[in-house]
Amino acid sequence: MRSTSTFTRTPAFLLHTLARWLLVWGVLGSSVVAEKKCASNYYVRSLPGQPDGPLLKMHAGHVEVDHKNNGNLFFWHFQNRHIANRQRTVIWLNGGPGCSSMDGALMEIGPYRLKDDHTLIYNEGSWDEFANILFVDQPVGTGFSYVNTNSYIHELDEMASHFVTFLEKWFELFPEYEHDDLYFAGESYAGQYIPYIAKAILDRNKNTTTQAQSRLWNLKGLLIGNGWISPVEQYQAYLTYAYKENLIQSGTDAAKRVERAHSECISELDSGGKDRIHAGACEKVLSAVLEVTRENGKCINMYDIRLRDEFPSCGMNWPPDLKHITPYLRRDDVISALHVNDDKRTGWRECTGAVSSNFNARNSKPSVQLLPEILESGIPITLFSGAKDFICNHIGTEQFIHNMQWSGGTGFELSPGVWAPRHDWTFEGEAAGYYQEARNLTYVLFYNASHMVPFDFGRRSRDMLDRFLGVDITSIGGNPADSRIDGEKGALTSVGNHPNSTTAEQREKEKLKAATWAAYYKSGEVALVVVAIAAAVWGFFIWRSRRQRQGSGYRGIYPNLNGLSSGSFSGFRNKRSSHDDIEAAADFDASELDTLRGTDDRSRGANGHGSVGGDSEDEDEKFGAQKESYHPSNMPSSSSS
């Protein structure tokens, strides 16, 4: 009897143990997945106020860049609507320091604009037509990003290090984008950020081991609008620009006051200030112009001199879309849709004063000193300016280009004494500006544009982007924009009215479909193996028991086995049949795409000055109240986007 009892209980005991082990394995596996996020955790399934039509493919959320200090950067990524000849990703940064890139996402180059604080409309001329767009709130503490209160960063090299860490982790989440052509774009104080990040990426690529060559990042270009890049020339341009635009008149008391401030600025620059990003005396030149133009309680808008604003805001209430963005980004349903972490304990702010006041960059040299090396490394740079911006005006940009030396020449010098001509640009029959270029550097002046060029001229800015990216729709289809340089069309670019698909896009879809099935097959292998092992063990003991107990009434000994219906395994079969499968066609094991994306036409592997608007430290203050402004050097009366 003892022997029979042993044989009859052993299969049941082992089956019970196996079932418990599988249950524990499933729970532990789920907990591991919960701790380490994957792409589907960032997928934006719906967006409050979205316009009619299919939702654009986007992801959003936080990536940790400083574990010790709980530093996390927030991103919002939009997948391109169409694919040209190859995959491209543009990373957009606003300035400050401390101003959110959601300005760029919702007021400039993103696919949506806010009609009011609860309604989104499509942005004609958005930059996501043929490029993936990645908006990042940085440094830590900016916008939706966060960090422990006492751990804000201070220098540009710290910022660049954090950003490289962000990209390392972001590409782990989204490996299908790691081999895209990579471009950085931004405005204002991003003129400091972007060259530092570019230098850090170039250094990273140089230091990458032979074994890791496949993880080289394909940095292809920089695009900076109204950037704060070279304080020496740009500070001195305030007086010149004020006279040129007739903001002050020579010989008047107002002009004399500005000239005195200008002289004090020159003295500080000559006393060791030329290698600093911030010169306190020079900030007073801009302040003086704003003060002397005050009339009936209003002053010029420092971001668009054609407009006036309440003094001392002088542009901080502009652009008008600002009044919609803050309430929209503080809505609970929007916060949830964008996967904003609970650790972000304060509401979204356009510009964060604590970030600005801590980011003094005292030991950082102006980014203009990095540009020659970047250009000489083969990275093209386009600088563009809105002609009506005062705070980072085009005269200052043109002056530092004229003085800068790189690749054996000075400025736009083609040969000694011969300068590159300015090429007139017309867009749809209107004078749009001009282009000038030499030795990998291009300069574009936008006529009648403000500090935020894409806000004023979205379609023209997209035309500039497509030219810079090398998008040519000749073999794609669609209606080309009537854009001409010196009367010649050149490469055809498309702004709106795009085709439903492109040849490259069809190829990409076929690859994605194949990769999707491959990924599902791969993900199913583990479950199949587990089920096969369980079935084999179960079958073995049933077979052995029957041999030992032939005719002993198997059902009577194990009555509960009949209760293990197919429904008991439904959890394994349906593990992926959750809402995460909404994006099954894209957020599978993305590493399957590493050998698929962009292999047709390119090689793999290697090869605001301050804020628009300002900071609101009081969560309960009215959204329309005056906000603290930010100049590239934290000047109390100016700002930058």
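Any Cβ shown, glycine's included, is placed from N, Cα and C.
Here the structure is a predicted model, which means the values were calculated and not measured.
Taken from Swiss-Prot, the feature active site applies to Ser188 (among others). DSSP assigns Ser188 (active site) to coil in the three-state reduction, outside any helix or strand.
The active site feature in Swiss-Prot is assigned to Asp389 (among others); the stated evidence is similarity to another entry. Mapped onto three states, the DSSP output places Asp389 (active site) in coil.
Residues or ranges marked as active site in Swiss-Prot (evidence: similarity to another entry): His451 (among others). Annotation note: His451 (active site) sits in a coil segment as assigned by DSSP. Other Cβ atoms within 10 Å of the Cβ of His451 (active site) number 33 in total over all chains.
Residues annotated as compositional bias 'Polar residues' in Swiss-Prot: 494-504 (among others).
Here Swiss-Prot flags 631-641 (among others) as compositional bias 'Polar residues'.
The N-linked glycosylation site annotation in Swiss-Prot covers Asn207 (among others) and is backed by sequence analysis. Here Asn207 (N-linked glycosylation site) comes close to no residue that lies at least six apart in sequence on the same chain with a C-beta under 8 angstroms from its C-beta.
The annotation N-linked glycosylation site is assigned in Swiss-Prot to Asn440 (among others). When other Cβ atoms within 10 Å of the Cβ of Asn440 (N-linked glycosylation site) are tallied across all protein chains shown, the result is 17.
Neighbour count (other Cβ atoms within 10 Å of the Cβ, all protein chains): 15 for Asn448 (N-linked glycosylation site). Residues or ranges marked as N-linked glycosylation site in Swiss-Prot: Asn448 (among others).
Look at Swiss-Prot and you will find Asn500 (among others) tagged as N-linked glycosylation site.
Taken from Swiss-Prot, the feature region 'Disordered' covers 486-506 (among others).
Look at Swiss-Prot and you will find 593-641 (among others) tagged as region 'Disordered'.
Residues annotated as signal peptide in Swiss-Prot: 1-34.
Annotation source Swiss-Prot lists topological domain 'Lumenal' at 35-522, citing sequence analysis.
Swiss-Prot lists 544-641 with the feature topological domain 'Cytoplasmic'.
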Long-range Cβ list for Asp389 (active site), cut-off under 8 Å, min separation 6+ in sequence, same chain only, gives Asn226, Tyr303, Asp304, Ile305, Ala449, Ser450, His451
Over the topological domain 'Cytoplasmic' (544-641), what does the predicted model average in pLDDT?
40
Let me check the 10 A CB neighbour count of Ser188 (active site). How many other CB atoms are there?
36
About how far apart, in whole Å, are the alpha carbons (Cα) of Asn448 (N-linked glycosylation site) and Ser188 (active site)?
18
About how far apart, in whole Å, are the alpha carbons (Cα) of Ser188 (active site) and Asn440 (N-linked glycosylation site)?
21
